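A.B. asks: First the structure, which I've put down as structure tokens, then a few questions once you've had a look.
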Amino acid sequence: MGMASSHRLFGQLAPSSVMRACSATGRAVAKADRSSALDGGRSQVAALVSRETLARLDTIAEQLTRWQKTINLVAPNTLPDLWHRHIADSLQLVWLVPETVLNWADLGSGGGFPGLVVAAVLAEREGAHVTLVESDTRKAAFLREASRAAALPTRIVPERIEQASQRLAAGMQVVSARALAPLPKLLDLTEPFLQAGALGVFPKGRDWERELTDARKGWTLDLNLHRSVADPYGRILAITRAERAAPSAGSLSGGQPSTAGAASARPRTAKGKTP
């Protein structure tokens, strides 16, 4: 199945029927042993991607399972649900952006979600590059080895996001981050990318509404909300514009009134001098 046809299939299924299918997969996973659970989730993903992309995803899953024995890449209790909980959850981000996207940055890539999954799909696009930023050297080593094994078009940047973002932002079309930070902090981290014109694609769990409310206290946002196919309570925030809100007069002085003119408000002595 080619990229265009898989995109159409996802569009035909989303959002309600895909959510039902993913929920059913999740319930089956909880009752099955590890091998059958992984196969069940894999079958659901296989309907949405090409054979070549599926082969790359298989390699990613194999590498993660092997490295997970020595490095905590994902929560251990989510490993039996790998294809649904992590791969499908990451895959859905690709369908929310234009098919012309070639340059994608994933921050705090950790166990490779969504970055490695995005790269597995974008590998079918000539000239595509996915930049994975991960400061943990062991996790960066995993990302590098998984990318090599699956022949992914990635660049691994083993640096802190704060150090790398200004240098990497130019030319990026999409920036993503999964389970990295609450939205207000996430906007701070991704600001260079958003200001450079990148689309921010951020999956959020059941607290998405509270995070969005908190973020809007300090930011003016243009965004679209999409239901998650992997989490019935979650949403994916697709942010097209983010600007810091102008501080109020009170906030400029830390919430205290200005000291200008304070002397004139004090009582004066008979000689007109302030005590």
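For all residues, glycine too, the Cβ spot is worked out from N, Cα and C.
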A.B. asks: Among Arg144, Arg148, Arg178, which is the one Swiss-Prot gives for the S-adenosyl-L-methionine site where Gly108, Phe113, Ile161, Glu162 also bind?
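C.D. replies: As annotated by Swiss-Prot, Gly108, Phe113, Ile161, Glu162 share the S-adenosyl-L-methionine site with Arg178, chosen from Arg144, Arg148, Arg178.
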A.B. asks: By a simple count, how many Cβ atoms lie within 10 Å of the Cβ of Gly108 (S-adenosyl-L-methionine binding site), its own Cβ left out?
C.D. replies: 21
A.B. asks: Please give the maximum pairwise Cα distance, in Å and rounded to a whole number, for the S-adenosyl-L-methionine-binding set Gly108, Phe113, Ile161, Glu162, Arg178.
C.D. replies: 20
A.B. asks: Look up Gly108 (S-adenosyl-L-methionine binding site) in the DSSP assignment and report helix, strand or coil.
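C.D. replies: Coil, per DSSP.
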A.B. asks: Sort Ile161 (S-adenosyl-L-methionine binding site) into helix, strand or coil using the DSSP assignment.
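C.D. replies: Assignment for Ile161 (S-adenosyl-L-methionine binding site) reads helix.
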